[in-house]
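Database features, via Swiss-Prot:
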- 10-18, 29-35, 59-60, 116-119: GTP binding site (BINDING)
- 167-188: region 'Disordered' (REGION)
- 185: cysteine methyl ester (MOD_RES)
- 185: S-farnesyl cysteine (LIPID)
């Protein structure tokens, strides 16, 4: 069974834990209890493949930012979460993305942009803004509500699909490099 290491990042209070718990336990946690770091595992079937999701729910609070490098090193894919009613959390996405790319030492890291709390009427981040940002990053965008469960499975499953695509691409690039290295050279 394939295991996928997913990391949920974003500012404090955007609903990272609520999204994760909704996926794992099928219920909504409405009280806010800042996370330091929690790990969850769930077996699911995505596109006919049984897989194990190893999900790391991270601290959004700035005082825990030193821990970020460590979990970013081990993660294969990242859900970058902001709240649609919190413009600052949307602006913070740039910072998280840059940190992930720096730690992974790669421009090409599987990510999904997630706009959470779409059940709330007090939107300050327009859907088009988020779609444009995701497009500029070359990553998918999904709106979710941990409360109503809208888009929750889709967000995590899309990230798994992004990781699969990335692994396939890396595998093909590896094969191309091997083919190139088999060329013969004759010295006279």
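Glycine is treated like the rest: Cβ placed from N, Cα and C.
Look at the binding-site residues 10, 13 and count other Cβ atoms within 10 Å of each Cβ; 13 has the fewest. When secondary structure is read from DSSP and collapsed to three states, residue 29 (GTP binding site) falls in the coil class. Cβ contacts within 10 Å of residue 116 (GTP binding site), excluding its own Cβ and spanning all protein chains shown: 30. Within its own chain, residue 29 (GTP binding site) has 17, 18, 21, 146 as residues 6 or more apart in sequence whose C-beta sits under 8 angstroms from its own.
Neighbour counts of Cβ atoms within 10 Å were compared across the binding-site residues 16, 119; the minimum falls on 119.
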